[in-house]
């Protein structure tokens, strides 16, 4: 398993590098890329944002392993994950209003503080302290995905008066480098976990200086900006009306809830499936991120002027790949007949599908959901998504870990078949 992991990682990395180099040679630079003021502003944003993302990714490979290292049972670990999911959705519902009221810069600094505290709780073996850490992690995640983007857009439009069409270029580049950071973070997590001497807690300790530096740079280099507070009840009411009045929006929400809830369960399961066979968790995680980056690169190629494939078709392909992968996992995790290499390949296919799914879903949301209602609709999308993931983690595992894992993959397969039917329904409405 060790040799397979490193070999797959090198092959995926080479494939991603080849695709990106060919794309860069074929794509002429845009006007935004040659504007010195814009580039300086972009750099100020990226310095802070990328440090925050790197700290977040650094913790991902060893979270389950850390709880296992503290000798918690799988059911107890599942509750810790559920606590994190629940806090993410609860804080996510109010994050935008909190950021507008507190200020975007202060919210980014608050993210650094709360996430640092979350990392410090990992040094404790006390279960209640770890639950508190998961709650802090949920708040930090909600701030990460709201405060930074809100700060950038306000500064871009209001303070610097750059063209609005340059905003997608900034976040497209950020999405690419986010994948790269995730790949590097997996390798770094593997290195510090093996060499520092702290074991699985080492990546969490290593993330704290990155978070501190991100907060310090934001505090020193960024200006503050605010926005008028939006009525949360009005936002949610408008989103619910949009969701119920447009069948396309309802189907899109169904696909998102089913697909992403399965991905959350996959995040929980990959470590206990592969770790018993000596898998290097950091390298495995980097391979997953490289596969996702490969999927994103294939998405950009498939939707280019040369091939003209529609995001809807790529969304369908992503769902089909996950259905196939979950059927593979149902057999490769069968008690007494486990095949870790097959499971690893299936996990890589799921990550490849994620690389196709997320840009496809982002495009379809912009196309189908009115801009004024997107925040409210997305709030409603998150509720069944996290509810399904929490129910899966709490209910689907039985007392026998191996049987429970296989049963979970079986039920996830059925869930993804339902997502596939929703995709077919969306095709019917589109036609």
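Here the Cβ of each residue, glycine as well, is placed from N, Cα and C on the backbone.
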Original post:
Pick from 204-223, 224-243: which range does TrEMBL record as transmembrane segment?
Top reply: 204-223
**OP:** Kindly point out the range from 103-123, 376-396 that TrEMBL annotates with transmembrane segment.
**Re:** 376-396
Original post:
For the transmembrane segment (204-223) against the transmembrane segment (408-429), do we get 3 or more Cβ-Cβ pairs below 8 Å once near-sequence pairs (under 6 apart) are dropped?
Top reply: no
Original post:
If we call contact 3 or more Cβ pairs under 8 Å (sequence gap 6 or more), are the transmembrane segment (314-332) and the transmembrane segment (408-429) touching?
Top reply: yes
Original post:
So what's near the transmembrane segment (46-67) in sequence-distant terms, Cβ-Cβ under 8 Å and 6+ beyond its ends?
Top reply: 76-77, 80, 108, 111-112, 115, 119, 122, 130, 141, 144, 148, 152, 174, 177-178, 181-182, 184-186, 188-190, 193, 200-204, 206-208, 210-211, 213-214, 217-218, 221-222, 268, 271-272, 275, 281-282, 284-285, 289
**OP:** Grab the same-chain neighbours of the transmembrane segment (131-153) for me: Cβ-Cβ under 8 Å, and only residues 6 or more beyond its ends, written as numbers and ranges.
**Re:** 45, 48-49, 52-53, 56, 79-81, 83-92, 95-96, 99-100, 104-105, 107-108, 110-111, 114-115, 117-122, 124, 167, 170-171, 222, 225, 227
